[in-house]
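Here is what TrEMBL records for this protein:
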REGION    1-22  region 'Disordered'
COMPBIAS  7-16  compositional bias 'Pro residues'
TRANSMEM  92-111  transmembrane segment
TRANSMEM  131-154  transmembrane segment
TRANSMEM  174-191  transmembrane segment
TRANSMEM  203-227  transmembrane segment
TRANSMEM  247-271  transmembrane segment
TRANSMEM  292-311  transmembrane segment
TRANSMEM  343-376  transmembrane segment
TRANSMEM  397-418  transmembrane segment
TRANSMEM  424-442  transmembrane segment
TRANSMEM  454-475  transmembrane segment
TRANSMEM  481-498  transmembrane segment
Amino acid sequence: MADHPPEGPTPSIPELPPEEGGPVQVSGVLRFLERAFEIVVGPARRITDPHLFHKISLAAFLAWVGLGADGLSSSAYGPEAAFRALGENTFLAIPLAILTAVTVVVIAVSYMRIIERFPAGGGGYVVATKLLGPGAGLMSGSALLVDYVLTIAISLASCSESIFSLFPPAMQPLRGPFTFLLLASLTLLNLRGVRESVAVISPIFLVFIVSHVGAILAAVVLNLHQVPIEVNHLREQSVRAVQETGWIPLLMLLFRAFTLGGGTYTGIEAVSNGVPMLREPKVETAKATMRYMAFSLALIAGGILVGYLLYQVRPVPGKTLNAVLWYAVAGQLFPPGSHLGSALVAVVLLSAGALLFVAAQTGFLGGPRVLVYMALDRWVPSRFANLSERLVSSNGVMFMAIAAATVLAVTGGAVHVLVVLYSINVFLTFSLAQLGMIRDALHLRREGKQWRQPLMVSGIGFVVTGLLLVGTVSFKFGEGGWATLLVTTILALCCVAIRRHYIRTAQSLHRLDDTLTTVPLPRGEPTTAPMQRNAQTAILTVTNFGGLGIHSLLNQFRIFPNQFKQIVFVSVGAIDSGKFKGADEIEALRKSTEAELQKYVDFARKLGMPAEYRYSIGTDIVDELEALCLQASKDYPRSVTFGGQLVFQKEGAIVRWLHNQTCPALQRRLAFHGLPMVILPVRVY
């Protein structure tokens, strides 16, 4: 017979002495880093703030600033590219100006219909996905992402090039680092939040609008007497050109100039992509923003082309055509050598350079929004739909920043290279969106609803954007435009691979749900025993009620039979960009989280185990779970935390990045507090 130890009082186990300096020093460093991060990025937003959505949304004016800067900044190079393509046939500048203004209005009106049809936002990506299918949506989303990255790159490169043109050539080597400094500063602004970044750049935008509109009006008013002369000149030269070359070559020349100036129209779609960030009523705010953008862009771009003609602007080495134009206007307004004239030119040119910096903001606004929609559709990693404590799509912001930095590094920040790559993809998105809206109009016809006007608007929009797409690809493909199309195709193929992985994982989890949610339970009444403070307690982190959570619960029973007497289910209602649409959605998330947790409690009680649940609503799942588990551990000192983690047969860094690593991160957090956590593997084949 085995010997038994003598019975008696249980010897007391001495407690470990506190560590000297370690945790205190580490926690002090962590607090310092957290405080520094809060100063740079800003304090966390309170989800319970009843005025939260009003505080972070954009009114029409601020939306015009944040979303319209890209389109307006293109007037710094779009009209010039178009005018240069005319060569000696500058008399075509007037029809080109009219064509430019009409095109801006056509695209804007067609996108206003998209805003009405899809008030939740998403722009061309959502239109193509809903009306043309997932494949078209993927191409539209991939094209938009590449275009937004190039928007950031070319805007910042142009800005630094413009600024460094004021300095001697010896300082040119600093232009590259300066461009990256601009990128870093804009990234930090966007990590703070949309409204903060827009508020900072508003003065730059206003100076640009006032200076350019004022200069254009001055150019026209000072040369009103020239208008009849130029009209007659246009008629005479048109007749002469038709007699010499015929209508077709003349129209082809106009079309080529119209196409090469296509960068003027980029950025118009940004409003339809960013509807969720606008103030209520969102649709009316978006339409007002679109009207502001269309009017200002048509006026400035068309006005610049007319100004070129009125002043007979010709290329001057070391100066843009816009600079030549503004010097000519200032020379007519003020006497030679006047400081006021120099000041006017400086203000106009510096505001244009500054607005190019502001234009990069459009990429940081639109790019993360497209990533959010694609993440919700499982084309890109789901973490791109997550929100930071500042309620910002920080992963999307960082992706755009890193991608833009890569483009700048590869191209050396050379504007002439970036211009070739730019603007192809945006017309692909435009065309797909208009084609989808044509299909929607035909669907309205079958339903007996008003369809003629929608069909006409979308049809004209499709013809215009389709012509721009064909022309842009034709004229830019051999010059390097092929690289843009290649990168877009590679990105789309990567998205296909990511979605296939998510679909396979979802199918495996569905099989797990079908198996475990129907597991036979004891026929007796569920236990009503209360929770005991000193009982052995399992704290289990769960999400929605389903196979993953049940697998973790039953696995815990299997590995530790008869060890734990009660269980606490903890969960976080994660607020991502898909749910962050208003106070009603957050309240619905709260109720849904409670309902799912109650199912787990009922399941455990039917197994004869006392149970309760705890939850919170937030953006950072690990932070919220850490707080919940720490509090549960204080309430139940004899507790161990458990969590289920998906594991794959072949799990590399990419697969781990596609899925959240909540349990390992939580385990490290709890270990710092001296609390144990067991990760229960859930195999997925």
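Glycine is no exception: its Cβ is also placed from the backbone N, Cα and C atoms.
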Can you say which of 131-154, 292-311, 481-498 has the most Cβ pairs under 8 Å with the transmembrane segment (203-227)? 292-311
Taking contact to mean three or more C-beta pairs under 8 angstroms, with sequence separation of 6 or more, is the transmembrane segment (174-191) in contact with the transmembrane segment (397-418)? yes
Is the transmembrane segment (397-418) in contact with the transmembrane segment (343-376), using three or more Cβ pairs under 8 angstroms as the rule and ignoring pairs under 6 apart in sequence? yes
Please check if the transmembrane segment (481-498) comes into contact with the transmembrane segment (247-271), where contact means 3 or more CB pairs closer than 8 Å and the residues in each pair are separated by 6 or more positions. no
How about long-range neighbours of the transmembrane segment (292-311): same chain, 6 or more residues beyond its ends, C-beta under 8 Å? 60-61, 64, 67-68, 71-72, 74-75, 78-80, 82-83, 90-91, 93-94, 96-98, 100-101, 104-105, 108-109, 209, 212-213, 216-217, 219-220, 223, 226, 230, 264, 267-268, 271, 321-322, 324-325, 328-329
Per Cβ pairs under 8 Å, the stretch of 92-111, 397-418, 424-442 packing most closely against the transmembrane segment (131-154): 424-442
Chain residues outside the transmembrane segment (92-111) and at least six past its termini with a C-beta under 8 angstroms from it: 79, 82-83, 86, 123, 230-231, 234, 250, 253-254, 257-258, 261, 264-265, 268-269, 271-272, 290-291, 293-294, 297-299, 301-303, 305-306, 308-309, 430, 433-434, 437, 457-458, 460-461, 464-465, 468
